[in-house]
């Protein structure tokens, strides 16, 4: 039956900021849903607080609200826009929870809005653990023995019944938040306390342990006529006990017999029928006991998920797009499959003739003190996917695409080490982020397949594959480059070995292996992802490489081509913002008539959607893989400045190989990154920088530090996201830094800068075309200098800086752009102290603020700059004036500390945020208040505030205290702060620090006495002492600031109402015109 005509407009709920467990896969699904529904003539209204998404671009929906995804705000949007229906299945757990809340609060009924895609009852039945268990029993499927608890007493009673170890999962949370595995009562109580706190319904499910069972997922799509298709089966390489988001996964499932697969297929369809999903996609997770084949249903998600993004990219079947059309009444047989050009209907189950491997990417090095063992709580921040003709090829391609310094199965331990075996065994038994490499080491150290299986419970079939690769590596090392004849080299390439790995094994340079392949004329061919295992011809150019006979790439020869290199897997410091830029480059150049080619390996993103570019190569972004694509495509230009450090690292090597890198030249990029070369440019332009030095040894650093003066910012050269960057306060601190952190330098020097305490930091994004410079936006940071710019909230326009100071910065940016010969985007960071402007750094590439600035000003910077790189001047594009909006936009960051108990949430020069939100208001205060609501802050309007500040903040704290009093807060202060306040006539209640006796600060936080805490520190001892305050504030959900500037912004926002007025991006941009 065709689409519904009783609904004319549809509200899509987005997923909000990127957090661990909910990443850019929902931008991909939301963007697809917007396109699909507008194609059908519906009016689409979108709400999503994350500005770094493609779906919040003004052309994606008819009305776009970058507002907090909070039921009261969404109610305002519904009241204003009057949609007929709401689609909550595209925005992850955030959207589902918001939709259920709108239903509970009677908002949907009040405005006559229907829920489409999933009914409130189906969502509740799938998410409510007790109802789900009952539903499964009804259709004869087993679930794990379990019980439900709402209090600690109930939880302990369930544990007595289920036994240890047991698995704890809170209801209605995402990415296993608050859950875990408890092996004893102490761990059990700790996990339950955290879980009860995080579950919006205060409900825990406590399961028998299925640790060591095999885990599978089925991606199912069902329509209202009960047509059901399995899009993809996915098998977890890691056994149960590790969250599926943290597991290596393989599609299609490799170790099921046909009979087992059919049983699981039928079971997953039965689950969708029973839960009542009849208009869209779901994923159903199963566990199988390898000893006896017992099958258990773990859970199902009645929405588009991380796995469905993976399944879409793995098969080419656009689940989100199809689900959106089913939600408005179509059936599967009425929809055509785009990839085959409509030669097959969407009711054909995809079949694939290749293997797909996904490996998660972790960032534990950013979180000192975090528990880096993998459990049922998700901890990975990104993922990489690779496609190959065999399991071995796809696994090795994924390993090199992960960008963790491995080009394949590089050894982790030296076999000469007497502790080697002990270490390998420990890593296999208790999995961390690197277990896959330790498995290869185990085979090198002489463990058998059974031996590894007993430690890991990973299916022997997978282990045999890895063992064979290790044996081949040993053979290469034995015969050397002279033994690599054409036949042997071909065999190795078919198994996915990278040139770089073979070079290391043979003891030669990578270029020599490449030369050898050229001699043998040994190059990959490209196959197409077509959903039908090559049964039907396909017009869609979605390719992967493999070493076989027939090439299906079929590149055009009549059009000018531009290739965009993507950013690879998400990680902290390089996330969705860079993908956003890549997508914009591709869209703009397509509009201008170029054929665009995208190279990337991140399955979550819009850039790897088959219709974002003319041609998509789903390949690792490494030198070898990129050069092979360039060899057959012969592009006119390659863009490396948009994908973060991943493609930038390749710029020089690509240029050396004769690849036309367009935009700012690799040499100019190097001039900005290399300290000494940059220093020459700065001196020539007579710009001010904080006193600094470059050192190569510890004693030299100690000498230079005396000249520059403490505190210092220390860091290795060439980093993104502030890796190994710290503020040190004295010589002892400096020596400690050199002993613990300088190993990251790879013979590169370490940079010392005088730290400008209390300076205001400013980010400026600009575009230069060689003739003029366009200022995109000037953003004033809210946290003072010293907090990494990626972790600081910022305001556009600036909210305290004078016009004169801003003009000085504009002039300096212009001088720098011409001096460095920038063609395209650049980002400059300044610090302002005592009305002096200091230059901090220049990045001649896309910065993570580009999407935010584009949304705030209505100027699509990434598109404009891409056209500049392709040779179209700013004047020709008609974009020559800086836009200063008549409203304020505030970007606030979202930090993942709740996933890492034990890590100090103090902000510093090392970036740790995973995502961002944006708030827009007529005043700075209103915009800041909205950004706080959007980032799930727990800011309250009144209550009791605790003030504990460092020496340098004591005079300014008086003003803040007065503002809080005026707002109706009662005040507490620690000893030193209380004295200063007392002298100013403010008398707070005195509280003890932790070492001063009880009741102390921590007791009072635990008792729920505070609604707001401000705690600023400097010096290592003070930071250690006050760490317990920050951890407790986080744990007990008290809004806290670790900078005084943050405190002042909070005080301003207390007067504003974040839920009072909503404004769409289209209305914002209309005010600028």
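Backbone N, Cα and C atoms are what each Cβ position is placed from, and that goes for glycine too.
Binding site for ATP 2 per Swiss-Prot: 715, 754, 756, 761, 786, 787, 788, 789, 841, plus 829 from the candidate set 803, 829.
Taking the Cβ of residue 215 (ATP 1 binding site) as reference, residues of its chain lying under 8 Å away and at least six apart in sequence are, in sequence order, 235, 236, 238, 239, 240, 244, 247, 285, 286, 287, 288, 298. Taking the Cα of residue 843 (Mg(2+) 4 binding site) as the reference point, the closest of the binding-site residues 129, 208, 301, 788, 829 is 829. Comparing residue 208 (ATP 1 binding site) with residue 299 (Mn(2+) 1 binding site), their Cα atoms are 14 Å apart once rounded. For residue 299 (Mn(2+) 1 binding site), the nearest of the binding-site residues by C-alpha distance turns out to be 786; the candidates were 756, 786, 841.
Overall, the recorded ATP 2-binding residues 715, 754, 756, 761, 786, 787, 788, 789, 829, 841 cover a maximum inter-Cα distance of 18 Å. Residue environment of residue 715 (ATP 2 binding site) contains 22 other Cβ atoms, counted within 10 Å of its Cβ in all protein chains. The highest number of surrounding Cβ atoms within 10 Å, among the binding-site residues 129, 788, is found at 129. Listed binding-site residues: 285, 301, 829, 843; maximum Cβ neighbour count within 10 Å falls on 301. Residue environment of residue 299 (Mn(2+) 1 binding site) contains 19 other Cβ atoms, counted within 10 Å of its Cβ in all protein chains. Mapped onto three states, the DSSP output places residue 129 (ATP 1 binding site) in helix. Checked against residue 756 (ATP 2 binding site) by C-alpha proximity, the binding-site residues 129, 242, 841 yield 841 as the nearest. Ranking the binding-site residues 208, 841 by other CB atoms within 10 A of the CB puts 841 at the bottom.
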